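To start, the structure itself, in structure tokens.
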Amino acid sequence: TRTFAMIKPEAIKHMGQIFKFIVDHSLKITRAKMVQFSEEGVMKFYAEHTGKPFFNNLISYMSSGPIIGLEILGKNAIKTWRTILGPTDSEKAKVEAPSSLRALFGTDVTRNAAHGSDSPESAAREILFFFRDAASTNRMYYRPSALLRNNTCCILKPSAFNRNILGDLIISIKDSGFDVTALEVFNLDHQTSADFLEVYKGVMPEYHSMVKELASGPCVVLEISSDVYGEETPVKFRELVGPHDPRVGKTLRPNSLRARFGKDKVDNAIHCSDLQQDGPLEVEYFFKILQPH
């Protein structure tokens, strides 16, 4: 079964740990999108709470910073995810379910780290609203969270995404002084992948295999930003990612991301912008040009 999950503003900084929680409980992330809700978007999503005493508080909180909407797949996904979340009130969760997400990352009833659909009907409705209806209303309900400055592009390739390393990857990125300021799962077709990787055509003998890999299933595109590195972000992040060939990386740069998460030149886990000027352009391609208009 499928369920809809949402990481709320104050828990975004823990997204890596939360993604790990999901896969550690045999659930799979099939869709994901990090966005900034408008007040209209929050009102539409939480329409059932209209008029309740906490509604205004909920609206201002949920539109105060980026959130991540997720479609999660797995056996009894709705029940499993709600169990992982723990009691709605984070204070209560700390006592009754101390290892639950809300106990670890939430603070009260509203700021309770994450949301989970309560029934198959809610899950279907929320998935449809978040991934289809809201995406096509031309930013009325939300917009991508990308900052589009001091940034670079990072793509977790399909084979590596399938190995459930998204959480570990994000934790490593954050531990190295970078922020993940936009995130989305894309299913790129062969033509889009070929266009995107065109700079490697005739330069890298693996070009055709690289295109095939990028188009082979869902990938996760991240905007990586850093106030520390500023305009140097693409260069500094490229250093963290390491050599194209993870086997070379394992010897020369064992702590680099490709050495840790990649397998070979084609399945090297990660694409990152190679040139400083390409970083912002690649981010714009995914978070502006490829967005529904």
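Every residue, even glycine, has its Cβ placed from backbone N, Cα and C.
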Do you know which of LYS8, LYS13, LYS157 TrEMBL groups with PHE54, ARG82, THR88, ARG102, ASN112 in the ATP site?
LYS8
Reported as an integer number of Å, what is the Cα distance between ARG82 (ATP binding site) and HIS115 (active site, pros-phosphohistidine intermediate)?
8
Taken over the domain 'Nucleoside diphosphate kinase-like' (149-292), the model's mean pLDDT:
96
Give the helix, strand or coil assignment DSSP yields for PHE54 (ATP binding site).
coil
Which three-state DSSP class does ARG102 (ATP binding site) fall into?
helix
Roughly how many Å lie between the Cα atoms of HIS271 (active site, pros-phosphohistidine intermediate) and HIS115 (active site, pros-phosphohistidine intermediate), rounded to a whole value?
31
Taking every protein chain shown into account, which of the recorded positions LYS8, ARG82, ARG102, HIS115, HIS271 has the largest tally of Cβ atoms within 10 Å of its Cβ?
ARG102
